[in-house]
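Following: one structure in structure tokens, then a few remarks.
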Amino acid sequence: MAAPKIFGIVLAGGEGKRLMPLTADRAKPGVPFGGGYRLIDFALSNLINSGLRQVVVLTQYKSHSLDRHISQTWRLSGMLNAYVASVPAQQRLGKRWFSGSADAILQSLNLIRDEKPDIVVVVGADHVYRMDFRQMIDAHIANGAGVTVAGIRQPIALADQFGVIETDPANPQRIAAFREKPKDAQGLADAPHEVLASMGNYVFDADVLMDAVIRDGENDDSDHDMGGDIVPDFVNRGEAFVYDLNHNLVPGATERDRFYWRDVGTIESFFDAHQDLISALPVFNLYNAEWPIYTQQLNMPPAKFVRDAQGRTGNVVDSIVSLGAVVSGSLIERSVLGTAVTIESAEVVDSVVFERTTIGAGAVVRRAILDKEVVVAPGAQVGVDHEADRARGFTVTETGITVVGKGIHVV
Ligand code: ADQ
């Protein structure tokens with residue numbers, strides 16, 4: 001049989017309210033991550049590394065910087081009809097924006113019809129992970145599934161943030177029940193403190209997907225949501241299967257990082273995922289050359305580490321430092337520094353610093369996320385006194401992570 005023709009749809013229209021203030025003026029998939037990356041780079045890298053060559057990104061909410069990132073970064077060769085195209089909501093079916101992720105696909109059916117694929121892979125855009133979709137597509141075809149949902153075990157305490165999958169004991173690949181964000185999820189038989197969560201990634205036969213979103217569009221009772229409406233419909237007909245990420249072996253991955261997947265929907269999980277990058281033996285390895293994570297190739301000088309004005313040396317350890325950064329005589333520990341960051345005789349510990357932020361002499365930044373172009377004045381402190389942080393209008397999470405929004409001057 002000829003290899004199936006595969007089309008990719010990346011759902012990138014979500015607001016990401018729980019990541020405020022980082023999503024105050026950018027879509028969640030456009031949020032910077034891990035120094036030079038944006039969240040969407042992980043989903044797109046997985047699709048491209050899996051051999052997909054026609055991928056559309058459906059955007060809607062505050063999509064300017066996301067659209068610009070995609071068009072500047074994700075330029076595939078034009079000769080072979082290879083593309084990653086950002087498609088903003090266009091009100092093709094009347095004067096309305098996308099009312100849900102299934103409606104986003106319904107409004108984009110012309111893109112699928114133009115390519116005539118056999119299989120459509122639909123993925124979210126706000127997770128950090130590594131996954132070979134070819135293996136999931138093979139399982140989908142072998143099962144003769146209507147839809148295949150990617151699943152991964154997650155702590156039961158997080159069940160109300162995910163679609164929760166219950167499998168058929170007689171055939172553990174078949175989904176017996178799917179509940180979107182249940183408040184009363186049951187644990188797994190072999191692991192009572194875990195559930196099998198949907199990763200929000202789906203494989204469909206193209207004609208089956210088109211029929212499903214057209215039918216859903218005619219149903220006024222539907223919220224037009226992939227997880228809330230489309231998947232449960234397939235489950236009711238016995239046509240939904242699960243593909244467990246634990247079966248996925250990406251080229252070049254080690255035992256330690258073979259199953260990595262993180263939902264970074266909250267400040268806490270966004271922060272924790274950064275900590276996963278920086279240890280000597282990270283559970284998420286950005287240095288796996290067999291499964292590269294692509295992002296914009298910036299024309300910037302290398303990072304530089306120099307003595308400070310008093311001639312003192314610094315110490316940078318367990319950290320990622322991006323291109324264009326200049327660090328003079330500072331203590332940087334367990335932190336991720338974005339591009340063109342400038343830090344002068346300061347202490348930055350357990351923190352994530354986005355591009356072009358400057359931190360002045362004698363400043364202290366602890367357990368904080370600083371958005372781009374923040375200016376921390378000499379001697380200022382962030383994450384040291386949470387009351388003082390709140391008084392200055394910064395977000396402080398329950399676990400004590402301080403977030404400073406874009407462009408703020410901290411004194
Ligand atoms: P959520 O992430 O809560 O749960 P949703 O808000 O629909 O679901 O977002 C899914 C993806 O679609 C995200 O990438 C988002 O950016 C995008 N999106 C949302 N609304 C959109 C719209 N109108 N137009 C275009 N894109 C849109 C989903 C599933 C759960 C699953 C989790 C995994 O519904 O079952 O467990 O993802 O994180």
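Backbone N, Cα and C atoms are what each Cβ position is placed from, and that goes for glycine too.
Values in this document were obtained by computation on a predicted structure and should not be read as measured data.
Under the heading alpha-D-glucose 1-phosphate binding site, TrEMBL lists Gly163, Glu180, Lys181, Ser198. Within 10 Å of the C-beta of Gly163 (alpha-D-glucose 1-phosphate binding site) we count 25 further C-beta atoms, all protein chains included. Taken residue by residue with DSSP, Gly163 (alpha-D-glucose 1-phosphate binding site) is part of a strand.
When pLDDT is averaged over the domain 'Nucleotidyl transferase' (8-277), the result is 91. Per TrEMBL, domain 'Nucleotidyl transferase' is recorded for 8-277.
Of the listed binding-site residues, namely Glu180, Lys181, Ser198, the sparsest Cβ surroundings within 10 Å are found at Lys181. Apart from the site residues Gly163, Glu180, Lys181, Ser198, the chain places the Cβ of Phe162, Val164, Phe178, Arg179, Pro182, Ala197, Gly227, Gly228, Val231 no farther than 8 Å from the centroid of the site's Cβ atoms, the recorded alpha-D-glucose 1-phosphate location.
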